[in-house]
């Protein structure tokens, strides 16, 4: 359980994007639930030695032997001379014998384990090789991965000099780092700040003075006493005095007329009088009057009336409070702006004090709820079940039992790898064989070595495979950096270098390919790491609410789509009528049309047909049903009299249906039927005077009047034309995109047209899960966001409106039916565009 | 009159301090100080101590540590004239982590005024414990703001204390390294700075175990680098032995404790797992030594826990037991849903193994052993045989002769080290700091670190080893060699650092760093 529980801050192995490569090592920075409910992990990247570009590997080596060499220095001095020839031989291609590869080879060739005897900490070459696999390089790069990619825990620590490197080898899954790698700049830095020394950084130390009495400083100038425990009052007396001061405060509030409006009940007055400011004042009074209760008491009730202490939360009027909340919605916690634009008569300090007190009130709850939703998406920990790594994920893994390898299909293969031993440990039996590509050659590893390889990115000991590869890398780079190398050496070495460099570049580009969420608003374009941040930014800066990636719909509405039938589809419908059975399908929405069969049939039948034939198929023959006039005339023909079937059946003789699919809604007390509101009903009428009620919802929500009174007026006074035309007639969206933020009038008109109450929160960006509206019968209805208008809307500007006037009614209707058609606009409109419509579609989310 | 544990406690608070605001989204909230104050009132602790309203520290007082220019800048900068000060803002590192906000200078004045007044109070022996929760801004440098700190009230307080106390001990239990205070007293033996902090890709990047002070101050800086998830037990297991040892060897006359509450569990910026009790235990332990004791605030970014912690620590200073049930106060709702004083640790893993802590402890003990022991004895008690003969031969060398190569090499200052020569531009020195671009706050878009392009990557590797003894470039040549000898004597026992350093600068001259960084100013 605990092993599969991953928390923020854990170091983890992560499946690499390329199959069959070692795990990546990452640290979890954040765990976020995304829209689909999957968990995404934000991770900090650590790099292995093998991930670094060549020159940096050398640098790292140079830095690392600083640790290694002092431990193995005896080895070097003793064995250095003896193995000198060996050293020079191995390094003949490059002069950089400063790195540990030479030390390693020197140690292996000459001294061997001799160093161990001299010093307990000296390392064998194998250990040194393994330690290199344990060294990581921190990068300050963060990337996002699905949590399902996590493959287990490990631990990465900053190497401390008191630790021996061997302690890392002794424990599995432990890594260390010293240096920080910057993949963009390709630099290595030590993860360390520095304490600077010099007169510019240190202070001048004063000499110790002999006598305390000589201090020239007067305490009175440095401080003023506010309270002292040295007095004759008992705790009880103080408590009593505090109660008295509170009662005086309550009484003072009763006398004060402005207070009595705000605090209509005695309880509220008493609560207000019990706030800390009254207590602090009482304590100050006590101190001022030298802890005489009597004097203090009388100072609380001077001749001017009882003392009234009010803090900011009490002092502010309701309208100021509203202004503050509004301002907070608009500007966030930028109190300077709030003061300037909303509350210039308050000081900044007052606003800040008020803000922190306001946070304790329930008015703050609303805000908190939004935060809570966001917090819910941020997980502290996540449970990831053990990953079963057999089969999927790495195509190279070959199950020996399955015997797929090399066609050995008889299920009872011995668990061997065709007789070849494991490249790393030489074992001949393993439950599973995995091929590993290192450099140019691939080799096969047994299960345990493979796991080791995946974790540490290298084999257990330096062998031909991986070790040779890294050696080759080093040699190549060494040759490239030393101009004195022989020409043959250069010729041989340059090609692999470039290849490797390319690889490195690939790694880098892969890493820099991180997704940022960019604000789509014109002229904004801010980038955010998190979608939730973007959503908040949208809400705060632009006043629009956008799904914050929650599976719960905060502002998620139905997705808008329309089906565009292309000619071929129509042909298919025509020629495969027998399979499609359109009439049946229309009646039974659950009837499944076998699309595959249709396709097959279609290809069969269409194959021989010519272009003309197909065109012909496309033409729909109108059915002759006679003209309507004729039918009407026939119906109204004299002499035939009223037909029997035209006489109404009396109500009581009506046959009762077996099942009432749509029972009558319940009756309200006043006898009217209570219908569920049809929320999306859009007005078909062309012109909608806003004050005329078309929908069930009466006059625009009264709640808006308080803050946005002017808009209300405009709403009632304007007549705006909303023409459902062009592409699928989209209603104005509730959350207009700010890129072309409608003016308040336009907005109000759209609201009126859509039959939605104009509610405050659209304007200030406050999010609500659902909104309340008062229906015609006075009952509250909750409109689900799922029923909210579609995500796409079209905003007509003057040009469009003019264009519409040019079009004939027939054209308009045709356009409404076939929105993909290009409109034939003949007159030279101010901004003639063949598709004025498409350009204005805005898709949210 | 007073019992042993009951002490005279003075508490400094200005009712304005809570109303300063660093800016939208900034984690530092002075409001936490007011929340603490209100809790103290309602717990009845207020009436048990002397409450003072501190004066506003004057520019004169601030320049006891800070540079005149910097203080002048702080005094004149305002949000509305920021644009005129662009260059200076960059120079003094004011802007991002340390924003310009309304009343910035006043805030600094109050915070510094409290600590200075408290120190004077202790000097006059008018009090045994002084508390200034508004202080503790330990990152501020001599002429540079850093990590939400502008004016280093701690340094100002310690400077005041030094007037009447031979030795002052500074202990820092903030989760961040107390680099400002350490730097200010890096070269003095009269102040020992002990900092317990998270180390490793963490602000401010300093505080390595190997940073032990320089010059006269060598071994007078004690750094305890810790890893994520320190819990109460682990913290006590390292705090108590180290502080005991420090008290024993350093024998301070006064103690300053920085009680940064960002080492608590659940802190917005911190990554330790301490509870209020575990944090308070440090206060309790230090208090036991009955020395003049100055407690200051510091970090702490989950403000409800900060006020809990500091309230509890005030009660510890007063030796008054307080109930776990929080009393009603103006900010009661902040403490929901449990409304209790004490908090419980999270289940995060403690990456500090007891083995690791033990090793750190032993290394620090070794360093502490290097201190001249008994107070008053100012003679260096370094054994004869430990003096490295290598350092001696400088004296033997004929001054008129050419210096031997080994000696020349010793004087080569690596590029990343301090040198006070004039040939360096204003910005050049500071550009070498690895942590220049780092912020205390995790930033949303991490790009600053990648800004610095370097043509030659090899010079970017910091040869940390050399830092220890080469750092005192300010000293004369004679004292430089002297400190080297000290160092080498030490290295006999701790078997690597210095030896490598010498060897490194001696033989490594061929590599890029040494040769390039050669400076002649020491000769």
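Please read every residue number as a count from 1 along the shown chain.
Yeah, the Cβs are placed from backbone N, Cα and C, and that goes for glycine too.
Annotated active site, proton acceptor per TrEMBL: B:139, in sequence order. According to TrEMBL, the substrate binding site annotation covers B:97, B:147, B:301. Taken from TrEMBL, the feature divalent metal cation binding site covers B:174, B:176, B:262. Under the heading compositional bias 'Acidic residues', TrEMBL lists B:386-395. Look at TrEMBL and you will find B:396-414, B:459-470 tagged as compositional bias 'Basic and acidic residues'. Under the heading compositional bias 'Low complexity', TrEMBL lists B:476-504. Taken from TrEMBL, the feature compositional bias 'Gly residues' covers B:505-515. The feature domain 'Histone deacetylase' is assigned by TrEMBL to B:26-315. The region 'Disordered' annotation in TrEMBL covers B:376-523.
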Restricting to the recorded positions B:139, B:174, B:262, which ones have a CA within 10 Å of the CA of residue B:147 (substrate binding site)? B:139
Residue B:176 (divalent metal cation binding site) has how many other Cβ neighbours within 10 Å of its own Cβ? 30
Compare the Cα of residue B:97 (substrate binding site) against each of the recorded positions B:139, B:174, B:176, B:262 and report the nearest. B:139
For residue B:262 (divalent metal cation binding site), the number of neighbouring Cβ atoms whose distance to its own Cβ is within 10 Å equals 27
Round to a whole number and give the Cα-to-Cα distance in Å for the pair residue B:174 (divalent metal cation binding site) and the residue listed as 'active site, proton acceptor'. 11
For divalent metal cation, what surrounds B:174, B:176, B:262 with a Cβ no more than 8 Å from their Cβ centroid? B:175, B:197, B:260, B:263, B:269, B:270, B:298, B:299, B:300
Counting all other Cβ atoms within 10 Å across every protein chain shown, which of the binding-site residues B:97, B:174 scores highest? B:174
In sequence order, the binding-site residues (B:176, B:262, B:301) whose C-alpha falls within 10 A of the residue listed as 'active site, proton acceptor': B:176
What is the interatomic distance between the Cα atoms of residue B:301 (substrate binding site) and residue B:176 (divalent metal cation binding site), given in whole Å? 12
Among the substrate-binding set B:97, B:147, B:301, as the record gives it, the longest Cα-Cα distance in Å: 14
Residue B:301 (substrate binding site) has how many other Cβ neighbours within 10 Å of its own Cβ? 24
Cβ neighbours of the residue listed as 'active site, proton acceptor' where a neighbour is any other Cβ within 10 Å: 29
The average per-residue pLDDT within the domain 'Histone deacetylase' (B:26-315) comes out at 94
